Amino acid sequence: MTKSLPIIRTVHDLQNLVKKWRQQGFRVGMVPTMGALHHGHLSLVSAIAAKADKVVVSIFVNPTQFGPEEDLDKYPRQEQADQEKLSQTKASVIYAPTVEEMYPEGNATSVSVSGISEILEGAKRPGHFDGVATIVSKLLLQCQPDYAIFGEKDYQQLAIIRRLVQDLHIPVEVMAGQLIRESDGLAASSRNAYLTANERLIAGQLNLILKDLIQAVMIQKVPLRKAEIVATDRLLSSGFSAVDYVSIVDGTTLLPLESVKAGARVLAVARCGGVRLLDNMPIL
Ligand code: PAF
């Protein structure tokens with residue numbers, strides 16, 4: 001039987017452990033998560049373990065990134081199952097602090113990355129990325145890892161974290177974890193479990209329609225705004241209940257592009273029944 005992975009709960013214990021590792025010459029990696037781990041998260045652990053000697057996986061359901069309409073209490077919390085999954089990986093320790101540890105009484109500081117946090121997902125979920133930027137800054141400053149990894153699935157989150165690490169001069173290398181797809185190409189997400197069998201079939205169209213969009217702009221030279229409209233119409237006629245956006249953007253600033261250039265990316269969110277599905281792909 002695999003030994004279960006230790007869990008630490010305080011900043012003090014985390015810092016002591018990381019200090020000890022550093023004295024031993026180890027390179028430290030961090031994988032921030034909110035738990036409810038699936039194979040996408042586990043692939044982040046493998047990717048960072050290829051570079052770091054010791055890997056901290058944080059599990060913290062961060063209240064400040066949930067809007068008033070979003071159900072923080074219903075977010076899945078399954079620490080024991082997560083611990084079992086992580087015990088089979090190269091993770092070294094789980095850091096699972098309490099809300100009081102992360103936001104002690106009197107806590108008054110938040111981090112906001114302006115501009116990029118207000119568009120796309122930020123426009124749909126006001127304040128969400130301030131919560132993300134604040135907690136990620138706290139985690140990185142508490143742990144001070146050499147590497148930290150974030151999935152490309154949440155591409156806007158990754159772009160915001162890259163910006164804040166650069167702006168705040170946090171000495172960490174941000175790594176991008178490859179987007180993991182199911183066998184039909186649907187991006188892996190804990191939300192996929194909420195799809196009915198029929199919705200699951202519809203959901204599998206999202207990645208195909210984005211691939212067609214890339215083909216249209218790259219090969220048929222379709223103007224970018226037109227390609228976005230065509231993809232949106234196709235999503236709706238394939239059975240998606242709504243399309244929040246299909247946007248061809250600069251991969252760093254996430255601002256809309258007029259023509260394709262290096263780093264161009266398509267970001268999309270479509271709703272299937274009650275489930276919001278995110279996807280994105282590089283164009284060039
Ligand atoms: O992507 C997530 O799971 C969260 O947004 C993160 C980065 C762990 C911050 O709470």
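Placement of Cβ uses the backbone N, Cα and C atoms for every residue, glycine included.
Remember, TrEMBL labels are computer predictions, not curated facts.
If you look up TrEMBL, you'll see His41 marked as active site, proton donor. Other C-beta atoms found within 10 angstroms of the C-beta of His41 (active site, proton donor) number 25, with every protein chain shown included.
Here TrEMBL flags 34-41, 151-154, Ile180, 188-191 as ATP binding site.
Under the heading beta-alanine binding site, TrEMBL lists Gln65. Here Gln65 (beta-alanine binding site) comes close to His128, Phe129, Gly131, Val132, Ile135: these same-chain residues lie at least six apart in sequence, with C-beta atoms under 8 angstroms from its C-beta. Reduced to three states, the DSSP call for Gln65 (beta-alanine binding site) is helix.
Residues or ranges marked as (R)-pantoate binding site in TrEMBL: Gln65, Gln157.
In the vicinity of ligand 1, defined as a Cβ distance under 6 Å, the following of the binding-site residues Met34, Leu37, Gly40, Ile180, Ser190 are placed: Met34.
Of the recorded residues, Leu37 (ATP binding site) and Gln157 ((R)-pantoate binding site) place their C-alpha atoms 18 Å from one another.
For the pair Glu152 (ATP binding site) and His41 (active site, proton donor), the Cα-Cα distance reads 11 Å. If you take the Cα of Gln157 ((R)-pantoate binding site) and the Cα of Ser190 (ATP binding site), they are about 17 angstrom apart, rounded to a whole number.
Around Gly40 (ATP binding site), the same-chain residues six or more apart in sequence whose CB sits under 8 Å from its CB are Gly151, Lys153, Gly177, Leu179, Ile180, Ala188, Ser189, listed in sequence order. Over all protein chains present, the Cβ of Ser190 (ATP binding site) has 15 other Cβ atoms lying within 10 Å.
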